[in-house]
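TrEMBL has this to say about the protein:
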REGION    17-61  region 'Disordered'
COMPBIAS  19-37  compositional bias 'Low complexity'
DOMAIN    188-568  domain 'Myotubularin phosphatase'
BINDING   N313, K314, A315, K316, N338, I339, C400, S401, D402, G403, W404, D405, R406  substrate binding site
ACT_SITE  C400  active site, phosphocysteine intermediate
Amino acid sequence: MDGKDPLLVVTVLQEKAASKNTSTNSLDTDSKSSSTGSKHDAELSSSRDTPFPYLDGEEDQDQKNDVTYVCPYRGPTYGALTITNYRLYFRSLPLRDHEPPPVILDVPLGVIARVEKIGGATSRGENSYGIEIFCKDMRNLRFAHKQQNHSRRTVFEKLQSYAFPLSYSGRLFAFAHAATSTQVGENGWAVYEPLAELRRLGVPNDMWRATKINENYAVCDSYPAVWAVPKVASDDFLRRVALFRSRCRLPVLSWIHQKSQAAITRCSQPLVGVGGKRSADDELFLNYIMEANAQSDKLAIMDARPSANAIANKAKGGGYESEEAYKSVEIHFLDIHNIHVMRESLRKVKEVCYPTIDDSKWLSSIDNSLWLKHIKCIVAGAVRIVDKVETMSTSVVVHCSDGWDRTAQLTALAMLLLDPYYRTFRGFEVLIEKEWSSFGHKFQQRIGHGDNRHSDADRSPVFLQFIDCVWQVSQQFPNAFEFNEHLLITIIDHLYSCRFGTFLCNTESERMAEDMKHKTISLWTFINSSMDQYLNPLYPTFTQGAQTSTVLRPIASMRIIKLWKGLYCRWNPSMRPQNKIYNRTRELLVLQEQLVKQVSEKRIKANIRQA
């Protein structure tokens, strides 16, 4: 299947398919996606006698032909293990005639969170000596080695070196991949252009202007170079306002309603502290934001945190806007918990979903993880923002503590609900580049790319939660999105893979310093080269359906929010659908194209007869 990617394959495949196409519940593989369309890479694959096409820049590091994969579903499986600078690849070997189809594992090393040795020289018992790999994508892999040939040592060392290159003075695979890439097609780095996006929103206008005050990232090193701010605020004034906000992340425009001029702005918490400090400049600036919208004499502040957390932050010098100091302001706390709570919640989900599922405790275990409650709170917060902007024509300021985690979840999701552009292919890519990458979501720290500090307290599934929320909305409005579930899962897979530069680094300034646009390939380059597999057949492409221009208001209720089994349970064969959804999607798209063609031909014939 064209344009699919060789990620995260844990499935049983037919022998013929294994040499050509590797398929999972989420992704497919072929020579086009794996070698980025390079005949040279295909020839290398053949000469290396491997069943998978190598990517540009991918090189063998180790190979063992006597390894046992301890599969939690089929039991121990004997086979060959190959480690490259990009992936771990295991393929079972036939032990007798009429052997079942081989077991294939194709795991990008970026997915690995940690590697541990199991057993020692004195270990006895079958498969008691080997390596266990803990992955970021909800599964663990265990391999047994023979003690006498010391094969475990080199496998462990290679996995450590190439799964965690930043901990060993190395570089992530994305750089080697781009350096030798023969990729052709649209440059994904050009998808988002800040000034063009502002023009689409109608900025500059009478009340808002664009500024490059942060062009050298001197005012705020975690903000983008280009901002949109109230027109009456001078650059010197903006510098003073920044000093009263955590990390200098002052309120700037994310989105504006072109009819009412109600705006969504984002920032970090004010530096109020225990003593209740005030800033006349900050108070005036929020007033400027309110006055830029003539439809309302109120400004809504959406604080993502629980109120108790916001109050506790005063002890650290932070806090929130008091309605006494900030006139005409109403503050709402949205009860979304911090990164540590979310990390622990996802860990509990993994315990429920992998490797085995206890049917008798399924519902209670999912409920006890609190994951769905957290997802509900994010969706509910975004809906409240939508209601203020769309129904009440009131401008909104969104923040949490530092404004790069929960704030991004809320602004991005609210913009997706308000603006149908962000529900298209190109618009969704722009949304991620704008609200997540350019505004400084710390992808490097939250995911831990190439870093072996698996217990780092900065790691958290913040972006994963956003994608989960998008999926939840798509389940309630199946014909409102141009893309399908397969795109969302592909984005999550490459969030970890380190094959593309899109999710590397923490800030726009870091990406500029690393010259990511020239030294790595964008994920959007890859996705946009094979968009047909990500199309939603229910999206009204050929007719201007009412849904394409409708503001979405999903129901944020525990009765409606559900676990995304296609993502979290995809490694469990008992939870995997027999017919892959994206295969059926392709069939529907072909049928849709045929029907539209028939209608068009009939209309032409009817017009000819009338003439």
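In case you wondered, yes, glycine gets a Cβ from its N, Cα and C as well.
Automatic, uncurated: that is what TrEMBL annotation is.
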## Note on the structure
Across the binding-site residues (A315, C400), the Cβ with the fewest other Cβ atoms inside 10 Å is that of A315
### Query
So what's the average pLDDT for the domain 'Myotubularin phosphatase' (188-568)?
96
### Message
Cβ atoms within 10 Å, counted per site: which of N313, D402, W404 has the most, among these binding-site residues?
### Response
W404
### Nonlocal neighbours by CB distance (under 8 Å) for N338 (substrate binding site), same chain, sequence gap 6 or more
R305, N309, S401
## Note on the structure
CB contacts under 8 angstroms to R406 (substrate binding site), restricted to the same chain and 6+ apart in sequence, sorted by sequence, are A304, R305, I336, I378, C400, V462
